[in-house]
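**Q** Below is one structure. I have some questions about it.
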Amino acid sequence: MRSRSFLVLVAVFLICETLVAQRLDRIRGPKGQGQDPVEGQDQDEGQGPVKVEILDIGQDLVKGQDPVEGQDPVKAQLPDKVQDPVKAQPPIQGGFLFPKPGVCPKIIFCPLVNPPIKCWRDSHCPGVKKCCPSLCGKGCVTPR
């Protein structure tokens, strides 16, 4: 009888996890679909995708002066990556029910009575970070 009640608890837990995940997807909205069209505007009449050009960010020459022979005009240095480095990281295995690899650092003391909770599980943290009890509350921390 005990194994049956355990299986019922596991089934209820999995159903609750699924419902929470679906609710979070509804709150965040569908991925990859951009903004809704403006009222009264047909979707076919849109301008199409926006193209971004990276302009030459060098120094302009002063009018009436030639560059010094043997020297190139100073060029500004572009960043290595245009996108956010956290979002550019590949997803880490360890999803909804399985934790990410690594060990949370040890916590010595937290003076707050009711510390804030910034994440609930590892899947809420980007990249390699894990949801660990930090100095005060729970937060996304790089594991050891």
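Each residue, glycine too, has its Cβ placed from N, Cα and C.
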**Q** Need the cross-check against Swiss-Prot: the disulphide partner of Cys131, picked from Cys119, Cys136.
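**A** Record-based pairing for Cys131: Cys119.
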**Q** Which of these, Cys110, Cys125, Cys140, shares a disulfide with Cys136 in Swiss-Prot?
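**A** Out of the candidates Cys110, Cys125, Cys140, the one Swiss-Prot links to Cys136 is Cys110.
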**Q** So, in Swiss-Prot, which cysteine from Cys125, Cys132 is disulfide-paired with Cys104?
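**A** According to Swiss-Prot, the disulfide partner of Cys104 among Cys125, Cys132 is Cys132.
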**Q** With H, G and I counted as helix, E and B as strand and the rest as coil, say where DSSP puts Cys104 (disulfide bond).
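**A** Looking at the DSSP assignment, Cys104 (disulfide bond) belongs to neither helix nor strand, so coil.
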**Q** Near Cys136 (disulfide bond), which residues of its chain come within a Cβ-Cβ distance under 8 Å, counting only those 6 or more away in sequence?
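**A** Listed in sequence order: Cys110, Pro111, Leu112, Pro115, Pro116.
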**Q** When the number of other CB atoms within 10 A of each residue's CB is tallied over all shown chains, which of the disulfide-bonded residues Cys104, Cys110, Cys125 has the maximum?
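**A** The residue with the most neighbouring Cβ atoms within 10 Å is Cys125.
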